[in-house]
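Enquirer: Supplied in structure tokens, the structure appears directly below.
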Amino acid sequence: MAIRSLFSKTRPLHTLLHSLRISSPRNRCYCSSTAPLYSSPPSPDLVNEISRILSDHRNPHHDLEHSLSAFSSQISSDLVEQVLKRCKNIGFSAHRFFIWARGISGFEHSIESCRILIDILGSSKQFAILWDFLIEMRDSECCEISPEIFWLIFRAYSKADSPRDAIRAFNRMVEFGVKPCIRDLDQLLFVLCKRKHVKDAQEFFDKVKLYFEPSVKTYSIMVRGWGDIGESSEARNLFDEMLHRGCVADAPAYNSLLESLCKGGNVDEAYEMLAKMRSNGIKPDACTYSTFIRAYCEANDIHSVFRVLDSMRRYNLVPNVFTYNCIIKKLCKNDKVDEAYQLLDEMIERQVKPDTWSYNAIQAHHCDRSEVNGALRLISRMEKENCMPDRHTYNMVLKLLVRVGRFDRATEVWEGMGERGFYPSVSTYAVMIHGLCKKRGKLEEACKYFEIMIDEGLPPYSSTVELLRNRLIGLGFLDDIEILAEKMEQSTSCSIQELARAMRGNKSFRRSRREETELESD
């Protein structure tokens, strides 16, 4: 069997992990800012092929290096960069690919490849490997470690809910020849506040503000951070401290305070501060008014939303796409879809290009109310207005069409996706397979979509395998289960091969957090 032959090629896990440790000789230069071995850009097909291999070999026992060996003669720094960018969500495979490429005679990684890898390692929470890699970069002295590298580390720790580790990374900058400045402090505080680690940010800010010269931007970051967690009084105190230190408040600083006050429910106080802002000679901008619009949207006060919007029109101020989207979403939730379409037209007239969120808010309204014609017209409008539908757009519409039994239109939409340059993801296949499995007489079509998915090398959700298997068992189609399992075993994807055991019932089903999130959101 395919799985058995695969495992026979693999090395013991402890041997493999040992070989993956970053342990090149001291002072070996493995990154370069010079031209790559091959000057011509890599073909998209080559990037796709290598990225597919990395996706197919995600686990430690998969023999990734053996599968990559055929590409040794084609490797270039540009190719490595493109592949790494494509594989940011599979950190372990991306790291192994980086190490494999480094071992090719005559090849040196670019500085950009190193930066991308650090970003990947941080995003995948492989911090021990990240620091080993950073230490090697420092000791080899082959390329300069920039402050921006540490900004990536701050962000990774903040996203991992490890604010104190982010702060420790800031304190370690000097170990790597980087003297932190106020811009680095601003970046640290910004990512901490963005992830709601405001108290940790404030504690550290209080410790270091004597050694730095905090700017208006620094204070604005902290003021906005307190507002984001609903502590408007703390935001106001910090704003007053900023003025006391002699910092001259500008429009962004006032906007940060106004947003903090509005998020804390103190809209009246925010209006008082707006008057003070004007009296100090600072002209409110579009961001100022948008703060009040978002506050009124949150309070479901549509009348006040349009009152502020009218004021912006009088002053010839244009909301950004995010503010427009807030209003459109709120209008749709209040069954005012005609007004939402009018606002969409206004965006285009005022040269604010709607994004997929703009259309998807209206699309969700059509799909929730089973308005097939409206949903299909909106997809056509998106194409005409050069805003391509995304995964959420297609998933909503396909789910609607299958649910109401419009299988002919679902097929049309599916076939039109490729023409629009969209290729279905795992969740889009799941929408079709799950929906068809629940419809009488549509199990054969569900199996066809499942087979196409396998042929494309996309590992299905475990819940998709489980649902399809149970439906086949329930109707007595045991032979079809074996046919599908054999097809899965023949896939080049190791993950699909392993799911063949689940299709046969020889492995328990376990949903990943990502799978549950995507199924819920779609």
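Glycine is treated like the rest: Cβ placed from N, Cα and C.
Owing to the predicted nature of the structure, the values given are computational and were not obtained by experimental measurement.
Take a look at what TrEMBL says about it:
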- 146-180: repeat 'PPR' (REPEAT)
- 215-249: repeat 'PPR' (REPEAT)
- 250-284: repeat 'PPR' (REPEAT)
- 285-319: repeat 'PPR' (REPEAT)
- 320-354: repeat 'PPR' (REPEAT)
- 355-389: repeat 'PPR' (REPEAT)
- 390-424: repeat 'PPR' (REPEAT)
- 425-460: repeat 'PPR' (REPEAT)
Enquirer: Counting each residue once, how many in the repeat 'PPR' (250-284) are helix, strand and coil under DSSP?
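Expert: Per-class counts: 26 helix, 0 strand, 9 coil.
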Enquirer: Per DSSP, what is the helix/strand/coil residue tally across the repeat 'PPR' (320-354)?
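Expert: When I sort the residues of the repeat 'PPR' (320-354) into the three classes, I find 26 helix, 0 strand, 9 coil.
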Enquirer: Can you check how the pLDDT averages out over the repeat 'PPR' (250-284)?
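Expert: Here the mean pLDDT over the repeat 'PPR' (250-284) amounts to 94.
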Enquirer: What counts of helix, strand and coil residues does DSSP assign across the repeat 'PPR' (215-249)?
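Expert: Per DSSP, the residues of the repeat 'PPR' (215-249) fall into 26 helix, 0 strand, 9 coil.
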